[in-house]
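**Student:** Pasting a structure here, questions to come.
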Amino acid sequence: MASGKATGKTDAPAPVIKLGGPRPPKVGSSGNASWFQAIKAKKLNSPQPKFEGSGVPDNENLKTSQQHGYWRRQARFKPGKGGRKPVPDAWYFYYTGTGPAADLNWGDSQDGIVWVAAKGADVKSRSNQGTRDPDKFDQYPLRFSDGGPDGNFRWDFIPLNRGRSGRSTAASSAASSRPPSREGSRGRRSGSEDDLIARAAKIIQDQQKKGSRITKAKADEMAHRRYCKRTIPPGYKVDQVFGPRTKGKEGNFGDDKMNEEGIKDGRVTAMLNLVPSSHACLFGSRVTPKLQPDGLHLKFEFTTVVPRDDPQFDNYVKICDQCVDGVGTRPKDDEPKPKSRSSSRPATRTSSPAPRQQRLKKEKRPKKQDDEVDKALTSDEERNNAQLEFDDEPKVINWGDSALGENEL
């Protein structure tokens, strides 16, 4: 017997509750976008991607038999002098039976389509994963456990735990075009390109350039909120926010250089990669409460393990050696260099060098203004380009498994 409360019910779907923050970028028609971020060619007319492993992005929610699909080429353009100009292609992943090529079976030949499958995948089956509605869901960050695309491609770094208020460009570090497997990552760090600290410093600079300006009032609020929720604003020293650095007790992290530079020190961002999130700290720590005269004291003991085969293992060890109980010290490469003997001697009438002839300054010619800039892109092209960065000469950064995680800069 039907209940009287059922009166007025309909079969209409429940309204979608959208998360806060700005809308994510749209790709193609609404509701038909890839679940994953794109890989981007480094140069125009690059060949189609080849993968070290299966080429299927990591997705722990799917069984092995469902891990198959295709990468589809997406042409890109940007406005420029004299009209729109092509930029290197982007490639998006879709599961078999979904997306723009949903009518194709796995392996069917078509221009701009590259089929991929994990070992043990049932390529005769069709996926029920569907596609992404950009108004409701963010792109999922790309990760390849068995090896990514070849060196002709790259992708922008997106932290795994980012919120909807942070777009992919919030931590855009031009992330690795080939994240190494654990076997291949051992002992391969070399050159300034692989320096974790330098790259972390670059991320901070990029964030400050692209991010919104922090007002003095906002900076003051960041530095003086409840102690456990404070963050260091740009231009602040560490001890201005968290008190003087000490040895052997709480507040023992940071040498004099880090204290002076605050978040400008790239080592800060590097170490934030190892700091637990709020949830990890609460549910993964040994929590010890203790009543004291001034209130309830909560102690959180958490251990982060950096595997020895992590590509940045040596850098993390180096930072810890410098910064744990580091008050009163500075990195060796930051110590002031002694003046040379010739420059330290006072100049005399006989030994003073002859004055240098000053070069005539060249007159700066005014730059020619662009007379014609065609910004007319079609609506589809604007949607396709909305999420993409146009880096003329992107630097490949190999973060591997130790990519910068969630931070609160």
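The count begins at 1 with the first shown residue.
From the backbone N, Cα and C atoms, a Cβ is placed for every residue, glycine too.
The following feature annotations were taken from Swiss-Prot:
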COMPBIAS  180-192  compositional bias 'Basic and acidic residues'
COMPBIAS  247-259  compositional bias 'Basic and acidic residues'
COMPBIAS  368-384  compositional bias 'Basic and acidic residues'
DISULFID  CYS320-CYS323  disulfide bond
DOMAIN    31-156  domain 'CoV N NTD'
DOMAIN    215-331  domain 'CoV N CTD'
MOD_RES   THR378  phosphothreonine
REGION    1-32  region 'Disordered'
REGION    44-69  region 'Disordered'
REGION    121-194  region 'Disordered'
REGION    226-333  region 'Dimerization'
REGION    238-259  region 'Disordered'
REGION    326-409  region 'Disordered'
**Student:** Across all chains shown, how many C-beta atoms besides its own are within 10 angstroms of the C-beta of CYS323 (disulfide bond)?
**Tutor:** 23
**Student:** Could you tally the C-beta atoms, other than its own, that fall within 10 angstroms of the C-beta of CYS320 (disulfide bond)?
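**Tutor:** Step by step: centre on the Cβ of CYS320 (disulfide bond), count other Cβ atoms within 10 Å, giving 16.
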**Student:** What parts of the chain pack near the region 'Disordered' (238-259), using Cβ distances under 8 Å and only residues at least 6 beyond its ends?
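**Tutor:** That would be 222-223, 227, 230-232, 265, 267-268, 271, 322-331, 334.
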**Student:** Kindly assign CYS320 (disulfide bond) to one of the three DSSP-derived states: helix, strand or coil.
**Tutor:** helix
